Every structure is written in C-alpha cells, then in structure tokens.
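Chemist: Provided herewith is a single structure, encoded as structure tokens, for subsequent inquiry.
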Ligand SMILES: [Zn+2]
C-alpha cells in the first residue's frame, strides 16, 4: 500500500515537473493566424466599441458555436468574427493580446500570418491592418524581447485576380512583410491556382509558404513545393500517405508547421493519441508545434505542447527539439537563430 502511494506521488511529481518544464521551455511559433486569436471577450468588446451587431447573445453562445465538423465549418465562423475588426487600434489590441499570451508561454520568436483580403473585402484599407499589427509587434520587442515576422496569406477560395491585387497593395509595406502564404479552404483550391501570383511574389523578394496536406491530398504538398516553391509547408500531416514523400521531407529538412490542437478540433485526427507529429519527429522531419487559431481551437503554444506530451510522453530533449526545429525553420538571419539557440541551451543547461 505504502509503495503504491509512493509511486503515485512520484508520478504526480513527475507530471508537475513536466508541466513546469513545458511552460518555461523557450518556444518559437511559425503558424499563427492573428485573426484566429480573437477571443469571444474581445469579439464582444470590439463589437460594442465599433457598433457592430453579432449573431450571438453572449460569450458562452460564441464558445458553444465552436464545435466544428471540418475546416469549412470553422472558416464560416472565423470570417464572421473578423467583422468586428475595423480600425488600426482594433488590430493593435488583437495582436497585443496574442503577444501577452506569447510572453506567458515563453514564446521568444513568432512569425504570424494575417489575411488582408478578410479585411480589404469589407472595405478596411490594407494599411489600417498592417499598421496596427506592426505597432503591437514593435511594442512586444521593446517590452517582452519577443522578435517576430509577418507573413501575408492569400485566401485560396478567392480568385487569382484578387490575390494579385493584394500583392500590389502589399508592395509599399514590403519592409514589414517577410513572406506570402496560402490559407483558407484547401479542398477544391489547389496550389496551381496561385502559381503565377507566387512567382511574382518571389520575384518581389517574399519567401513563400503554403497550407497543404491538412485536409487536402498529398499532391497539394508536392505542388506547393514544385509550383509555388515554398520554404515551409503549413500542416503537411497528410504526407504520411506517401512514404517516399516522408523520406524526402526528412532528407531535405523541409519544415512542416504542425498544429496539434487544431488538427483534433477540425477532425484531421480523431484523437491526439493518433496524431502523427511525434512519429514524424522521430523519423527526422523538421516538424514544429504551433497553435494556428488558438481562440477557436482551445489553446496557445503551451497548451499544444502539453496536449502532445500528455498522449505521447516525450523526453525533454524531444520537447526541446521542437523549438530547435522551429528556429531552424524560421525566416531570420543565422546570427538571430544562434541567439535563440543560445537561449534554449541556457534553459536546458539550467
Ligand atoms: Zn493555419
């Protein structure tokens, strides 16, 4: 009896140590849609501030609506929520709230997505969006020491002409934007549709990334690599449908920005225990952990790490490897990467 009790208490201690270790582990986020950090509380506050009517009566009602059956059912609610974002200060407040969470979760570098078309299509000017986001990121650098980058995504359910128009709008703000991406409904909107836009974006000096192989087929991963010439694949978990692809992703160290809680919420996997991220890590792929749209999917960076560890029991070195992979995959200079590696090393040594 005493032995069992002792064992239980050791287990509990281990669990607590692991939670603390994960909480304090330096993290790097590479797949985060800033519009997806809009918490119901802020949705209501901004709706009131801006005189926007929401189709919900309470924050609880909003949360209750977050039961998704697939990617599209989420996107419908996501675009509706974004309607409360109208002024530069709104985008500042939204981004700042996310950065405070980063600070709590020990995120030391983040590369965030924004969807200009979600706003410009409603008549909100491009510069209103970018100026609010940039101001918050600058403040987070000063106040929390969090470095960052911005990636502008094209909505793949809209047409090529709209993407070209968005690219033109972005050119005066090129110094603020490191890359272009592709998000929204993957099914029915293959990479080929945006081949020419990505070509122009790369000529303008933007690095390319794309969502592929989340709900869509393996061919979307191949086409993102070959036609869009991406430097990272966002999600990419369907790569396991093609063994040759898995081997080549491991050899090339092509990063996959994986979002575990998102994948469960949108039913890409039924349960976290079935998620393939740890298997891919152990096969040598450059996989990273990210929160995607944390206000909608039930958790920020620490929550995602905890959820994966809870079901897959990782060693400390494996947990740290996710950060190392994200540093390797980030769009910063070698010198900046080394600074982040030094911070991780100091943590592991301490
Ligand atoms: Zn995403």
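Note that Cβ sites are derived from N, Cα and C of the backbone, with glycine treated the same way.
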Chemist: Of 119, 176, 189, 211, which does TrEMBL put in the Zn(2+) site with 31, 33, 292?
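Modeler: The record-listed residue among the candidates is 211.
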Chemist: Give me the Cα-Cα distance between residue 33 (Zn(2+) binding site) and residue 235 (site 'Important for catalytic activity'), rounded to a whole Å.
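Modeler: Just about 13 Å between their Cα atoms.
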Chemist: Can you list the residues of the same chain, besides 31, 33, 211, 292, whose Cβ falls within 8 Å of the Zn(2+) site's Cβ centroid?
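Modeler: Leaving out the recorded residues gives 32, 36, 113, 183, 234, 235, 257, 259, 262, 290, 293.
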Chemist: How big is the Cα-to-Cα gap, in Å, between residue 292 (Zn(2+) binding site) and residue 214 (active site, proton donor)?
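Modeler: With distance taken Cα to Cα, residue 214 (active site, proton donor) is 12 Å from residue 292 (Zn(2+) binding site).
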Chemist: What Cα-Cα separation, expressed in whole Å, is found between residue 31 (Zn(2+) binding site) and residue 235 (site 'Important for catalytic activity')?
Modeler: 9
